[in-house]
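These notes concern the structure reproduced below.
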């Protein structure tokens with residue numbers, strides 16, 4: 001009888017724990033759903049075409065040091081356009097930092113515009129004190145950035161390799177992926193795939 | 001006649017569910033008034049009265065379920081309220097208004113009206129039935145009390161999980177493009 005009671009109590013406790021786990025899992029699914037919610041209609045890009053030389057701009061960073069963008073050099077450049085008022089931009093900063101750490105020969109430049117005090121707050125929050133952080137509306141205008149967060153990848157020769165709206169880590173990675181595959185956009189890649197014989201693509 | 005364990009655990013769970021529903025509605029009175037109006041079931045003048053009376057009724061029912069003397073009456077009221085909500089949802093579903101918010105779980109968790117909500121209310125009705133049916137009179141030990149509380153907790157957790165699951169369903173359908 002004693003053993004039965006102990007086993008019964010144990011089972012109840014385990015049942016409570018497993019319903020808690022179930023609840024936690026379902027909550028996580030809800031959070032995932034809210035994360036992958038559409039962040040705005042994708043539009044066809046305007047501005048400079050991928051594969052063309054990137055526009056050359058020089059702007060001063062926070063400390064007044066000149067930063068050259070679009071010039072040929074020894075390292076590639078990743079431009080990350082952000083705003084202190086955009087929550088998705090903030091959530092992407094750790095991913096950008098990780099890429100900046102792991103990728104060799106890559107300069108990461110954070111580009112933004114607006115109020116200096118808000119930028120200081122964002123920089124302190126995200127720990128970007130050592131990064132190149134440019135507050136300049138000209139770069140955004142030159143590259144015709146209409147939506148944030150936006151990223152552009154420029155190679156050593158000053159050629160714009162990839163660009164696009166980035167809403168997640170996957171979008172960011174795909175910028176580098178496009179450089180690797182040699183297709184500038186997903187559309188180009190699909191086209192190349194369907195034109196090569198023997199490869200079945202779902203239509 | 002049902003065992004007191006079934007009755008008490010059902011009453012406990014139902015009390016928690018009703019109290020939390022009432023707290024959403026009392027904390028966000030404007031949101032709930034708009035919700036009542038969106039259902040388009042009662043004349044406009046009565047909406048503020050109903051929006052005030054419903055959460056208070058829920059609180060009273062939640063409290064009534066806790067004592068064994070008032071439990072059968074509170075159980076009947078709970079069952080009536082659950083059927084009433086179910087009817088309100090069914091009528092609006094029949095009108096084809098699938099786009100209005102259910103208003104079931106507070107403003108933080110919006111979910112459109114869907115037939116699955118009727119199944120959820122059916123589940124609640126079964127719990128209410130468990131609470132209002134007459135109890136078998138038998139002496140209760142320590143272990144019985146433990147099982148009552150444990151079963152009540154599991155019921156509340158499972159109900160909350162089901163609620164979240166139902167709220168996620170339309171999001172998933174949206175994502176896979178089936179809607």
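Glycine residues also receive a Cβ, built from the backbone N, Cα and C atoms like all the rest.
Caution: TrEMBL annotation is automatic and unverified by curators.
Feature annotation from TrEMBL assigns transmembrane segment to B:6-24 (among others). The list of residues near the transmembrane segment (B:6-24) in space but at least 6 beyond its ends in sequence, with Cβ under 8 angstroms from a Cβ of it, reads 32, 55-56, 58-59, 61-63, 65-66, 68, 71, 74-75, 78, 104-107, 124, 127-128, 130-131, 133, 135, 147-153, 155-156, 159.
Summarising the annotation, TrEMBL assigns domain 'Methylamine utilisation protein MauE' to B:6-133. On the 0 to 100 pLDDT scale, the domain 'Methylamine utilisation protein MauE' (B:6-133) averages 90 in the predicted structure.
According to TrEMBL, the feature transmembrane segment maps to B:45-67 (among others).
Per TrEMBL, the feature transmembrane segment maps to B:73-94 (among others). Sequence-distant contacts of the transmembrane segment (B:73-94) (same chain, six or more residues past either end, CB-CB distance under 8 Å): 11, 14, 18, 39-41, 54, 57-58, 60-61, 63-65, 100, 102, 113-115, 117-118, 121-122, 124-125, 128-129, 131-132.
The transmembrane segment feature in TrEMBL is assigned to B:115-134 (among others). If one looks beyond the transmembrane segment (B:115-134) by at least 6 residues along the same chain, the residues whose Cβ comes under 8 Å of a Cβ in the stretch are 1-2, 6-7, 9-11, 13-14, 17, 65, 71-72, 74-76, 78-79, 82-83, 85-86, 89-90, 93, 102, 104, 155, 159, 162-163, 166, 169.
Per TrEMBL, the feature transmembrane segment maps to B:146-166 (among others).
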